[in-house]
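Here the structure comes first, spelled out in structure tokens, and everything after it is commentary.
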Amino acid sequence: MQATPYGHGTKWRGWIYAGPSLILFALFMVFPIVENVVDSLYRNGVPGLTLFNYRAMLHDVTFGIALKNSLLWLVLTTVVQMAIGFFVAVLLESRIRWGRGLYRTLLFLPMAITPTVIAIVFSNIYAPDYGLLFGVFKLLGIASRFPALLASARTVTYAIIVVNVWQWIGFYVLMYSVGIANISPEVLDAAKVDGVVGWRRIWYIISPMVRSTHMSLMILGAIQALQQFPLIYLMTEGGPANSSQVLGSYIFQTGFLESNMNYASAVSIVLLVLALIVAGVQLLVTRGNFAIGGGTRS
Amino acid sequence: MIERRQIHVGAYLVISAITLLSLLPTIYMVDLSFRNPVSSFSPSLIAGHPTLANYQTVLANPGFMHYFFNSVMVSLSTVALTLAFSVFCGFAISRLRIWGHNFVFYVILAGLMIPLAGLIVPLTMTLKSMGLLNNYLGLIGPYTAIGSGFGLLVIKGAMDNFPVELEEAAVLDGASPSRTLFQVIVPTLRPSLLVVAVWQFLYAWNEFFLALVVMTNPVMKTVPLMPLQFQGPYMTDPGALFAVLTLISVVPMVVYAALQRSFVGGLMSGSIKG
């Protein structure tokens with residue numbers, strides 16, 4: 001273990017410094033999770049431990065939709081955001097000389113806007129008859145074929161996922177830009193000398209060098225997708241006919257609208273277990289090396 | 001060479017197109033806020049005859065400012081506490097190397113991987129039993145706990161790079177650990193502190209789910225709840241609703257635009273890793 005100049009006593013007394021963080025963590029994370037587990041084992045208003053809520057979930061069609069949609073969100077948003085973000089960042093860092101910072105700033109701006117604002121703006125964009133998208137269809141002379149994206153069970157989830165992708169692209173671009181900027185020039189020069197250029201350079205040199213950025217964006221994206229709620233709540237309230245429901249919105253519906261906190265707790269456990277799986281996979285793959293930004297240097 | 005220049009022009013075109021697409025909804029929002037009631041239902045990007053009437057309507061509405069006041073209180077407190085606690089905890093882990101420092105680090109880092117939606121139900125009950133519903137602390141506490149994962153990751157990473165010789169010199173001069181922390185180490189952390197501050201500010205300013213269930217009293221509601229409050233009353237007056245949305249968005253956008261250079265610089269400079 002590395003020596004510190006502060007003397008041995010601080011190894012115990014130093015816990016005082018970690019105290020505030022640990023207390024907050026215990027109070028607002030550990031304690032609620034424990035309470036959540038306990039609550040999920042009671043049936044609403046009935047005494048005695050039971051697996052009732054978990055058994056009920058198996059037959060709950062809406063829960064099935066919510067789970068399926070959450071997984072769809074998890075995979076689609078993460079993959080699409082990473083792909084576009086990486087592509088734009090590579091272009092930005094290797095092909096753009098002037099205005100790089102301006103592009104990065106402008107692309108990041110949607111990240112600063114409250115999701116509830118974004119939800120209403122996009123509801124308007126998607127709206128039939130007066131929305132912006134309808135205007136485009138009208139301009140192209142195909143107004144009669146305008147799809148009501150938020151009103152159809154087939155398209156609604158994808159339409160909302162697009163909104164999430166739109167908001168988060170700038171964040172992904174920024175993170176990849178940081179990662180790419182931190183690749184040492186010698187590596188890129190060596191690759192050029194060896195004739196590794198174009199797509200092969202991106203695939204065999206740049207992408208592996210920002211591996212830790214891939215990993216952290218994967219987990220941040222997954223967690224962000226799993227806690228999705230505001231866009232769905234304001235754009236569709238989970239409809240039409242529950243078709244856009246995700247675990248977050250279903251927790252709100254069962255717990256706060258239908259006042260069945262115990263069932264909502266059980267759904268929450270499923271959500272937390274999903275996050276645990278994501279985190280576990282990440283930990284296995286990276287062996288604990290979680291990095292944001294210039295993670296390729298040590 | 002000619003081929004090379006063509007690629008660059010192409011890159012500018014592609015990036016500009018993507019950037020424009022990314023700004024379009026925001027432009028549309030601002031544009032709608034300047035429309036009169038007649039043109040507000042016109043499916044176009046720019047409609048003629050802009051008016052300031054919507055802003056007059058909205059700003060004349062009493063009980064508008066308290067949303068902003070509440071959000072300022074919650075966001076600034078969250079930022080201050082996250083910074084302070086992350087600095088203390090990072091110091092204990094990185095510099096003091098307390099017993100179990102790895103354990104403490106990974107425990108708090110786990111906060112990064114917990115989706116808030118999964119905590120909403122028990123958190124609400126916990127806050128209720130603590131009497132923290134409709135109380136600033138009911139948001140500040142959880143936001144700080146959640147943000148501490150990111151804060152610690154960034155700040156501990158920056159502290160790991162701090163040269164031990166400087167600490168030794170301070171200790172030899174008789175400085176206590178806390179004095180060394182505040183007078184020697186913290187001043188070198190500015191870029192990292194700024195990254196955490198900007199990130200936490202945007203998070204606390206924009207968070208919706210917890211605010212929705214904790215702040216049920218209209219007087220205590222924060223800015224992200226405004227669209228919900230104004231959607232109904234301004235149903236037939238989209239211009240006014242979009243004026244509200246624009247006003248809401250101005251604060252975080254200005255904060256980010258003002259600090260983005262240092263924010264990006266901070267991200268670029270540090271190898272943030274755990």
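Every residue gets a Cβ built from N, Cα and C, even glycine.
Annotated in TrEMBL:
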{"type": "DOMAIN", "residues": "B:68-259", "note": "domain 'ABC transmembrane type-1'"}
{"type": "TRANSMEM", "residues": "B:12-30", "note": "transmembrane segment"}
{"type": "TRANSMEM", "residues": "B:67-91", "note": "transmembrane segment"}
{"type": "TRANSMEM", "residues": "B:103-124", "note": "transmembrane segment"}
{"type": "TRANSMEM", "residues": "B:136-155", "note": "transmembrane segment"}
{"type": "TRANSMEM", "residues": "B:193-220", "note": "transmembrane segment"}
{"type": "TRANSMEM", "residues": "B:240-259", "note": "transmembrane segment"}
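Residues 45, 242, 245-246, 249 of the same chain lie 6 or more positions beyond the ends of the transmembrane segment (B:12-30) yet place their CB under 8 Å from a CB of it. Fewer than three CB pairs closer than 8 A are found between the transmembrane segment (B:103-124) and the transmembrane segment (B:240-259), and contact between the two stretches is not assigned (pairs 6 or more residues apart). Taking Cβ pairs closer than 8 Å, the transmembrane segment (B:136-155) reaches residues 70, 73-74, 77-78, 81-83, 85-87, 89-90, 93, 105, 108-114, 116, 119, 123, 127, 130, 189, 192-193, 195-196, 199-200, 203-204, 207, 210-211, 214-215, 220, 222, 270, 272-274 in its own chain, all 6 or more past its ends.
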